[in-house]
Amino acid sequence: MVTGRSAQLCLALLFMSLDVILTATEKSVLTLDPPWIRIFTGEKVTLSCYGNNHLQMNSTTKWIHNGTVSEVNSSHLVIVSATVQDSGKYICQKQGLFKSKPVYLNVTQDWLLLQTSADMVLVHGSFDIRCHGWKNWNVRKVIYYRNDHAFNYSYESPVSIREATLNDSGTYHCKGYLRQVKYESDKFRIAVVKAYKCKYYWLQLIFPLLVAILFAVDTGLLLSTEEQFKSVLEIQKTGKYKKVETELLT
């Protein structure tokens, strides 16, 4: 029979197991500061890796660049003066969490660059674009194009696309003047996609949940059996003492 103490311990173990499972199903989050995934050589960018709470912020971080694990294990990876070799796929992973979604950084050399905060956005999401001049020179009379059609004449930068729709997908570029000379950036594709919903998402949680329940129940039963065994020993010991006392009296 499971005692009250064993039942409480069983529940405590179950909640602890569930907490571990829920934590392990969360992904690390990788961000850029400034937020642009396209930058010029010589520019600075800081990559930061976050967990789901402030305690994980100080935990060990694994950084992976183009499949190679970095020696850096802090929450921030700072690229002081970017080179073309810094281009590529970045992934981070906080201790106890899944790996982050990959971020693709493109480091290039040109006079004018169409910068963007993302190359893929979910419907109803948002992203920013900016027409960026070499060595941070001021860009004047900026025109933004999507699929070769002008859609924004902006003297303010950046331009924010909010509540993105599928119609916002396309190839973007910009034109503008640098020191009285007109330049055109290269083209870059930004995709707006629908969120993918897996019909069997619950299967990702039910198996570890069952394992946690079985672990907690087995532990509770083990402790309950141990307590019952101790009780039997006490009863046997008490019975022996009574038998000895009876023999001494007779």
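If you go along the chain as it appears here, the first residue is 1 and each next one adds 1.
Every residue gets a Cβ built from N, Cα and C, even glycine.
Swiss-Prot lists 1-23 with the feature signal peptide.
Residues annotated as topological domain 'Extracellular' in Swiss-Prot, with sequence analysis given as evidence: 24-204.
Annotation source Swiss-Prot lists domain 'Ig-like 1' at 28-104.
DSSP assigns CYS49 (disulfide bond) to a strand. Annotation source Swiss-Prot lists disulfide bond at CYS49-CYS92 (among others), citing sequence analysis.
As annotated by Swiss-Prot, N-linked glycosylation site applies to ASN58 (among others), with the evidence given as sequence analysis.
Within the same chain, residues at least six positions away from ASN66 (N-linked glycosylation site) with a Cβ under 8 Å of its Cβ are GLY88, LYS89. Taken from Swiss-Prot, the feature N-linked glycosylation site covers ASN66 (among others).
Counting only same-chain residues six or more apart in sequence, the Cβ atoms lying under 8 angstroms from the Cβ of ASN73 (N-linked glycosylation site) belong to THR60, THR61, LYS62, TRP63. Per Swiss-Prot, N-linked glycosylation site is recorded for ASN73 (among others).
Taking a C-beta cut-off of under 8 angstroms and a sequence separation of 6 or more, ASN106 (N-linked glycosylation site) has the following same-chain neighbours: ILE37, ARG38, ILE39, SER87. Marked as N-linked glycosylation site by Swiss-Prot on the basis of sequence analysis: ASN106 (among others).
What Swiss-Prot records for 114-181 is domain 'Ig-like 2'.
Less than 8 angstroms from the CB of CYS174 (disulfide bond) sit LEU112, LEU114, ILE129, CYS131, VAL142, ILE143, TYR144, TYR145, GLU184, SER185, each of them six or more residues away in the same chain. A strand conformation is recorded for CYS174 (disulfide bond) in the three-state DSSP classification. Residues or ranges marked as disulfide bond by Swiss-Prot on the basis of sequence analysis: CYS131-CYS174 (among others).
Positions annotated as N-linked glycosylation site by Swiss-Prot, on the basis of sequence analysis: ASN152 (among others). The Cβ of ASN152 (N-linked glycosylation site) has 15 other Cβ atoms within 10 Å, all protein chains considered.
Residues annotated as N-linked glycosylation site in Swiss-Prot, with sequence analysis given as evidence: ASN167 (among others). In sequence order, VAL192 constitute the residues six or more apart from ASN167 (N-linked glycosylation site) in its chain with CB-CB distances below 8 Å.
Here Swiss-Prot flags 205-223 as transmembrane segment, drawing on sequence analysis.
Taken from Swiss-Prot, the feature topological domain 'Cytoplasmic' applies to 224-250, supported by sequence analysis.
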With every protein chain in view, what's the tally of Cβ atoms within 10 Å of the Cβ of CYS131 (disulfide bond), excluding that atom itself? 24
How long is the line from the C-alpha of ASN152 (N-linked glycosylation site) to the C-alpha of CYS92 (disulfide bond), rounded to the nearest angstrom? 35
Counting other Cβ atoms within 10 Å of each residue's Cβ, which of the disulfide-bonded residues CYS49, CYS92 comes out lowest? CYS49
Taking DSSP helix as H, G and I and strand as E and B, the domain 'Ig-like 1' (28-104) has 7 helix, 35 strand, 35 coil
